Amino acid sequence: MASRGDVVVANGEFKHYEGHTTVYVVLACFLASFSGLMFGYDIGITGGVAQMNDFLEKFFPVVVVNKELEYESGKGNLYCQYNNQHLQAYISSLYLVGFASTLVAAPITRLYGRKTSILIAGISFLIGVVLKTSAQNLAMLVLGRVLYGWGLGFSNQAAPLYMSEVAPFKWRGRLTYLFQLSLAIGAFCANVINYGTSRLVPNGWRISLGLAGIPAIIITISGIILSDTPNSLVHRGKQEAGRKVLERMRGITNVDIEFEDILIASNQKSSEERNAFKNVLKGKSRPPLIVSCIFQIFNQFTGINDLTFYSPVLFSTLGFKSGGALFTATVLAGLSIFSVLVGLSLIDKVGRKALLVEGNVQMFLSAVAIAIILRYGLQDEVRLSHPLAIILVVFVCLFVMGWAWSWGPCEWLIPSEIFPLETRSAGLSIGVSVNFLFSFVIVESFLSMLCSLKWGLFVFFAVWNFFMPFFVLLYVPETKGVPIEEMELVWRRHWFWKRFMPVDNYIDNSPEKP
């Protein structure tokens with residue numbers, strides 16, 4: 001075995017660390033994954049609440065007028081009945097705040113640990129939930145959503161990072177998948193709750209928003225009781241504590257090889273540590289940063305945020321009654337859980353890239369089918385016939401399933417594992433902030449785009465899904481089975497990115513892999 005810079009190679013192959021997946025690691029990942037549940041719950045609850053008349057009458061009465069015009073006279077624009085800038089701004093404000101808070105979370109996560117950011121997220125969630133649930137006016141409602149978004153910025157930056165660092169590399173994909181699984185479970189629970197509370201007039205929406213306090217409490221407690229990751233502890237000069245945590249997580253005391261790699265990975269110049277955001281823009285951090293940012297942008301343009309956030313609104317727009325729209329959205333959320341479990345069983349077997357490409361093909365075909373149905377089945381902006389409505393729901397389900405076992409989990413997994421240790425927090429922070437920024441753009445514009453493009457909106461998403469597999473096949477490296485401390489070797493062997501990797505203090509005599 002020879003040590004070569006930040007990458008350790010044994011006989012030309014990646015090393016295998018001692019230890020096994022302990023109950024402690026599974027429990028730690030499970031608790032950290034509740035951050036994903038909060039995100040999923042908001043996705044499911046917001047779209048459902050946004051088509052409850054009691055909620056709309058209190059905060060967005062213009063939308064109610066538009067809906068009544070369409071339903072009573074039949075002369076309203078079916079695609080435009082929910083097109084209201086204040087409603088869009090309320091929903092999308094979470095992402096804009098999340099964009100800013102993610103950048104703030106990066107130095108806090110690096111300097112004070114991953115669990116500190118998780119704790120901050122939990123407290124922000126709690127305050128935001130209280131404000132939203134007790135809101136008496138739009139300002140109070142928006143403030144609560146802003147604080148909720150602030151918490152998401154911290155949790156979405158720290159939780160995937162925490163999970164990827166504590167998981168054994170053979171199981172890193174599956175354990176990090178828990179974040180997406182909990183997101184799907186959160187969305188499913190939200191839709192079930194919305195389906196029930198929509199009948200509780202006039203304050204059912206308050207119950208829907210208020211029940212988010214349960215996972216918020218769990219996240220806050222997790223931020224208190226969880227141990228920080230060995231990587232974070234070592235990087236902050238707490239080697240002895242880091243080794244003890246590593247031994248506990250691996251269930252053995254012989255963790256010399258893995259701990260040595262963590263020490264090597266964290267042994268960077270002090271200037272690199274102090275200037276993480278500057279260094280992530282150059283050297284060996286540049287290729288993963290480019291891939292992470294493009295990956296996050298593409299993920300938003302799959303169209304999934306619009307279908308998941310606005311699915312109750314979309315189905316209501318297309319003629320489903322309120323209860324039917326919420327029930328259909330609940331079915332979508334349930335299928336999302338099933339799809340994540342399918343991906344969970346495949347991610348560390350077939351790899352990341354195969355799932356991503358298959359997901360894009362499935363979303364492309366589904367989006368084309370949806371566009372055709374709306375173009376030729378929704379004539380003169382009247383409602384779909386019952387058979388066509390069922391076919392439409394089937395293709396929407398196929399679209400969501402394609403995303404849920406591919407791009408959904410990988411949007412958190414891949415950025416959390418491809419950066420070197422000294423810039424990992426900053427790199428992931430930038431990636432997540434790009435995710436939030438483009439989520440804001442898409443969610444803010446969806447209702448307006450639906451009003452203007454109509455069925456053409458799904459052609460727009462189909463085009464994006466057509467080109468994404470080429471990016472994945474050509475520029476995204478496969479990270480299946482690679483120890484996170486040895487990820488640099490993947491970039492140095494990639495056909496395109498190897499030309500951008502610095503050669504200083506690095507020697508690789510190992511054979512190239514095909």
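Quick reminder: no glycine exception, Cβ is built from N, Cα and C everywhere.
Because the structure is a prediction, the values reported are computed rather than measured.
Some features that TrEMBL has for this protein:
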DOMAIN    28-480  domain 'Major facilitator superfamily (MFS) profile'
TRANSMEM  21-41  transmembrane segment
TRANSMEM  87-106  transmembrane segment
TRANSMEM  118-135  transmembrane segment
TRANSMEM  175-193  transmembrane segment
TRANSMEM  205-226  transmembrane segment
TRANSMEM  325-347  transmembrane segment
TRANSMEM  359-376  transmembrane segment
TRANSMEM  388-406  transmembrane segment
TRANSMEM  426-443  transmembrane segment
TRANSMEM  455-476  transmembrane segment
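The transmembrane segment (205-226) is in contact with the transmembrane segment (175-193), judged by 3+ CB-CB distances under 8 Å for residue pairs 6 or more apart in sequence. By the Cβ criterion (under 8 Å, sequence separation of 6 or more), the transmembrane segment (175-193) is in contact with the transmembrane segment (21-41), since 3+ such pairs are found. On the 0 to 100 pLDDT scale, the model's mean across the domain 'Major facilitator superfamily (MFS) profile' (28-480) is 86.
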